[in-house]
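Residues or ranges marked as compositional bias 'Basic and acidic residues' in Swiss-Prot: 1-10. What Swiss-Prot records for Asn457 is N-linked glycosylation site, and it gives sequence analysis as the kind of evidence. Summarising the annotation, Swiss-Prot assigns region 'Disordered' to 1-34. The motif 'Selectivity filter' feature in Swiss-Prot is assigned to 474-479. Summarising the annotation, Swiss-Prot assigns topological domain 'Cytoplasmic' to 1-163, 291-344, 413-427, 510-562 and lists sequence analysis as the type of evidence. Among the features that Swiss-Prot reports, topological domain 'Extracellular' is placed at 185-269, 366-391, 449-461, 483-488, with the record citing sequence analysis. Swiss-Prot lists 164-184, 270-290, 345-365, 392-412, 428-448, 489-509 with the feature transmembrane segment, giving sequence analysis as the kind of evidence.
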Amino acid sequence: MLKQSNERRWSLSYKPWSTPETEDVPNTGSNQHRRSICSLGARTGSQASIAPQWTEGNYNYYIEEDEDCGEEGEDWKDDLAEENQKAECLTSLLDGHNDTPAQMSTLKVNVGGHSYLLECCELANYPKTRLGRLATSTTRRGQLGLCDDYEAQTDEYFFDRDPAVFQLIYNFYTSGVLLVRDELCPRSFLEELGYWGVRLKYTPRCCRICFEERRDELSEQLKIQRELRAQAQAEEAEELFRDMRFYGPQRQRLWNLMEKPFSSVAAKAMGVATNLFVLISVVALALNTVEEMQHQAEQGTGGGDPRPILEHVEMLCVAFFTLEFLLRLASTPNLQRFARSALNLVDLVAILPFYLQLLLECFTSEDQRHNKDSPREHDLETVGRVGKVGQVLRIMRLMRIFRILKLARHSTGLRAFGFTLRQCYQQVGCLMLFITMGIFSFSAAVYSVEHDVPGTNFTSILHAWWWAAVSISTVGYGDMYPETHLGRLFAFLCIAFGIILNGMPISILYNKFSDYYSKLKAYEYTAIRRERGKVNFMQRATKKMAECLSESHAQSTTRQEN
């Protein structure tokens with residue numbers, strides 16, 4: 001019983017409420033209530049059961065027996081205040097007329113310029129929906145609060161909603177099944193369902209599965225875009241600096257200097273200096289391990305500072321990194337977010353080993369001076385303590401290699417790689433689990449067939465772990481290999497398992513990395529363009545060029561006059 005019209009209703013005219021003069025709806029008098037719900041039988045299809053809940057006058061109301069009637073089933077109650085306000089606005093134009101609607105068998109609605117005729121008995125099957133409440137309402141005030149507008153002459157209720165989605169709602173009222181189209185936006189569709197009060201549970205299982213998959217995929221994509229946008233932009237909002245009472249504007253300028261390289265020329269120079277000091281520190285760390293450099297440092301030259309030049313370079317780099325970390329710490333408006341940042345943790349790890357090394361060296365020198373004149377029995381204890389301190393110092397020096405991670409603050413690729421690992425932690429975890437299971441299984445199998453071979457290297461399962469790890473990774477150093485036929489069969493299976501295992505997640509990780517990298521690069525480019533717009537580099541260059549041209553023109557004019 002569908003009736004649609006493509007004519008748009010451009011003007012809304014409010015006319016006195018009168019009984020519609022139609023052939024389908026007889027006039028039964030103004031004081032007579034219209035029966036919205038007729039005697040209803042059992043539902044068919046998805047309308048499983050209807051249980052009578054209460055009776056008011058001559059009208060029988062039915063409540064759906066929902067399984068999950070929680071907050072979602074009571075959401076329509078939150079709109080009562082807005083509906084009452086809308087009803088008061090429309091009722092004020094209908095003062096002096098009867099508040100009791102006439103009895104009707106059909107309901108005429110206009111949604112987005114398209115007209116529909118619906119049976120009231122069909123709408124009454126779903127009294128919790130908006131149209132069901134409209135059909136079962138016994139007062140004009142209640143009906144006017146449920147629609148956007150009403151035309152009394154044609155007895156038509158107007159709704160400013162999407163007609164494409166309402167076509168599915170109309171089919172739901174007539175057939176009892178809510179279908180979902182793939183071209184509809186999941187969020188818009190859910191918003192329309194929430195407005196009309198229709199539950200998603202009325203959709204078929206096939207449509208619901210596809211819809212939930214698209215909704216979850218959309219939510220995941222939006223979440224990833226928000227995280228990537230947050231990484232591309234500054235970590236702190238500018239509104240946090242405005243509410244500060246303690247040097248708010250100064251701290252904001254300092255934060256822009258440290259976190260926004262394209263906000264000013266000084267910020268760009270600061271970013272370049274940070275990367276330069278990181279590279280110098282890494283090169284100095286590598287040169288410090290060269291034997292010739294150590295030999296020259298031990299010989300030294302008499303009468304000067306015994307420290308080699310590489311140690312001075314190290315101290316200079318640590319001083320710069322310390323100053324940078326303190327400036328970031330002093331300018332941040334949110335200490336908790338600053339402490340949770342992985343890049344700030346990398347900055348702390350870059351400078352902490354140097355100060356711990358100085359502290360341990362101070363304790364070692366004091367211990368040596370204290371035990372200089374001690375008896376001989378304390379010499380072994382002192383040597384052991386110094387040896388342990390030396391091992392700790394070597395570990396501390398090795399931790400300086402983590403300074404290379406400071407480049408991630410200004411490297412889009414490194415940040416995209418870290419973001420990929422965080423998003424794919426489940427796939428990476430499964431990969432590590434499969435590798436561990438393969439190492440344990442194949443090492444035990446090879447040990448069981450190779451441990452009796454004379455001169456074998458598979459003396460225990462622990463020794464076979466190295467062979468299994470090298471074989472699964474398809475590296476194959478050749479330092480350990482099975483000699484029996486059964487052992488070689490296990491080796492072949494181990495290598496084949498490693499090839500299959502390593503090939504599965506590579507494509508997934510690469511596709512996600514390339515996707516995240518391109519999106520992060522786009523967000524960074526947008527942020528850079530915005531920051532450069534604030535700095536106005538082109539305006540400055542144009543102004544400088546105009547000044548130079550004006551000066552040259554003035555000089556040429558002066559020469560011509562002379």
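Placed from the backbone N, Cα and C atoms, the Cβ positions cover glycine too.
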Under 8 Å between C-beta atoms and at least six residues away from its ends: which parts of the chain pack against the transmembrane segment (428-448)?
421, 458, 460-461, 463-465, 467-469, 471-472, 482, 487, 490-491, 493-494, 497-498, 501, 504-505
Grouping DSSP H, G, I as helix and E, B as strand, the residues of the topological domain 'Cytoplasmic' (413-427) number 14 helix, 0 strand, 1 coil
Cβ neighbour count (10 Å, all chains) around the residue listed as 'N-linked glycosylation site' is 15
Going along the chain, which residues at least six beyond the ends of the topological domain 'Cytoplasmic' (413-427) come within the CB cut-off of under 8 Å?
224, 227-228, 231, 342, 405, 407, 505, 508-509, 512-513, 516-517, 520
Which residue counts does DSSP give the topological domain 'Extracellular' (185-269) for helix, strand and coil?
64 helix, 0 strand, 21 coil
Which sequence positions outside the topological domain 'Extracellular' (483-488), separated from its termini by at least 6 residues, show Cβ-Cβ distances below 8 Å to it?
446, 449-450, 453, 456
